[in-house]
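S.K.: Pasting the feature list from Swiss-Prot:
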type	residues	note
SIGNAL	1-24	signal peptide
DOMAIN	27-73	domain 'WAP 1'
DISULFID	Cys34-Cys62	disulfide bond
DISULFID	Cys41-Cys66	disulfide bond
DISULFID	Cys49-Cys61	disulfide bond
DISULFID	Cys55-Cys70	disulfide bond
DOMAIN	74-121	domain 'WAP 2'
DISULFID	Cys81-Cys109	disulfide bond
DISULFID	Cys88-Cys113	disulfide bond
DISULFID	Cys96-Cys108	disulfide bond
DISULFID	Cys102-Cys117	disulfide bond
Amino acid sequence: MRIQSLLLLGALLAVGSQLPAVFGRKKGEKSGGCPPDDGPCLLSVPDQCVEDSQCPLTRKCCYRACFRQCVPRVSVKLGSCPEDQLRCLSPMNHLCHKDSDCSGKKRCCHSACGRDCRDPARG
């Protein structure tokens, strides 16, 4: 009986760890991600939206140029970008702008010196 209880507990933990991936979006949040925000803050503008449900069908409420606005969503691959512990001494150089610029399962991630394609972090 004890072994069955441990197996059941293990199965529940395994299934529970996958729930955020399936049910991780908030109500009203659209699939996809926000495009990168490289623009400097030029002036203070009020937010055009607070959440995705305030945007037309194919747009998401994203932070861009220092305020939230409805922008076309971009596809996002599974996994998260690894942390970068380095500091850049040269000007930033972007080798990608969005996940779809990268081959296979690689993600377009911020690095010390710009964005580049990297394998997702294991976690």
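Cβ atoms here come from the backbone N, Cα and C positions, even for glycine.
Please situate the listed features within the shown structure.
M.R.: Secondary structure counts, DSSP: the domain 'WAP 1' (27-73) has 3 helix, 13 strand, 31 coil.
Residue density at Cys34 (disulfide bond): 17 other Cβ atoms are found within 10 A of its Cβ, drawing on all protein chains shown.
All chains included, 14 other C-beta atoms sit within 10 angstroms of the C-beta of Cys66 (disulfide bond).
Taking the Cβ of Cys49 (disulfide bond) as reference, residues of its chain lying under 8 Å away and at least six apart in sequence are, in sequence order, Cys55, Cys61, Arg68, Gln69, Cys70.
Cys109 (disulfide bond) carries a strand DSSP state (E or B). For Cys109 (disulfide bond), the number of other Cβ atoms no farther than 10 Å from its own Cβ, over all displayed protein chains, is 21.
Listed in sequence order, the residues of the same chain lying 6 or more apart from Cys88 (disulfide bond) and placing their CB within less than 8 Å of its CB are Ser111, Ala112, Cys113, Gly114.
Sequence-distant contacts of Cys96 (disulfide bond), defined as residues of its own chain at least six apart whose C-beta falls under 8 angstroms from its C-beta, comprise Cys102, Cys108, Arg115, Asp116, Cys117.
Every protein chain shown contributes to the tally, and the Cβ of Cys102 (disulfide bond) ends up with 20 other Cβ atoms within 10 Å.
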S.K.: Per DSSP, what is the residue count of the domain 'WAP 2' (74-121) in each of helix, strand and coil?
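M.R.: Each residue of the domain 'WAP 2' (74-121) counted once, the result is 3 helix, 13 strand, 32 coil.
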S.K.: Over the domain 'WAP 1' (27-73), what does the predicted model average in pLDDT?
M.R.: 85
S.K.: Between Cys81 (disulfide bond) and Cys66 (disulfide bond), how many Å separate their Cα atoms?
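M.R.: Distance between the two Cα atoms comes out at 23 Å.
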